[in-house]
Amino acid sequence: MSFNMISFDGGGIRGLISAVIIKKLDEKYHILNKTNAFIGTSTGGILAIALANEIPISKIIESYTDNASIIFMPNNKFSAEGLIPENILSLFHSKYTHVGMKKIFNRFFGEKKLSESKKIIIVNTAQLLNTTKQGWEPVILSNCVDNIYKNIKMIDAALATAAAPTYFPPYRIDENNLGYCVDGGVFANNPTTIAISEIISQQLVSSLSELCVLSIGTGYKATGIPLIEMSNPLNVGANFWLLPHIHKGQKNIAPFSILQLILDTSSEIVTKQGYQLLKDNFKRVNPTLSKDIQLDDWHSINLILTETDNYLLSQEWEEVCNWVQDRWK
């Protein structure tokens, strides 16, 4: 019998796509009961902790569809919006607060610790100052036996992995002297290979051949910078990466394109590594979107659901279902 892992990418409100996909797969194949480990970054980390904590997937979906305006609770500093361009305001303040997220996560997790879950949980975050190394540090928060962070509260792990720079403020965890942390997507928006490393190092499997991994993205819209915008690379300064790109009258890339570049490319390289390492025991699910949907664009929930429904009618989805039926034992 294989060791089954589900890995969830970061992607903000688009985590709704991942949640709906899991709901459909669980309805058909009862995959949640057959899953040994839940892995995630950012919104995917929230999904991983919630599913490992046996929160019904229907309630998780409701948290996206019904509570998005609470999760994305504006920072009061943005009350000047309209007077000061949002792109400029974002240079000085986080766009949202933790207050709404914390309220919802408290209902989900209470005071429970990662170690109280019967399923393996692996989520990541970036520590802004490791006092031993005197520098920032990637951190794996897990309930694996030898992980030093296994007694971190679930709510703290969820808030730390979801603290996306410029969107939410850094989140402070006092336990283990972690201090302030930000979204793990800054180094691993797709946490699959990090999780594989953790599982192997904890000796939960003896070889890669025992692993079976379903990696779920949050939807993908191909993005790139047109050659015309690179006519003089010497002009590519900080403003190039911070301001939106307009091409042929349309916004080609949203503000803070450097963040999108990091998230997209890190996810794609991990997908390639997953197939290289696990061959047929790895499956990537990441619907193609008709338009770019920003991490905080909760007003596009209906579009997100429509895009997901369209994917569920595709040939690619049928192949995913066949793979799950064959592999998830």
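Cβ coordinates come from backbone N, Cα and C, glycine included.
Curation plays no part in TrEMBL annotations; they are all automatic predictions.
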Of the residue ranges 40-44, 130-134, which one carries the motif 'GXSXG' annotation in TrEMBL?
40-44
If you run through the motif 'GXSXG' (40-44) with DSSP, how many residues end up as helix, strand and coil?
2 helix, 1 strand, 2 coil
In the motif 'GXGXXG' (10-15), how many residues does DSSP assign to helix, to strand and to coil?
4 helix, 0 strand, 2 coil
What count of other C-beta atoms do you get within 10 angstroms of the C-beta of ASP183 (active site, proton acceptor), across all chains shown?
30
Might you list, by sequence position, any residue in that chain lying six or more from SER42 (active site, nucleophile) with a Cβ less than 8 Å away from its Cβ?
ASP9, GLY10, GLY11, GLY12, GLY15, THR161, ALA162, ALA164, ASP183, GLY184, GLY185, ASN189
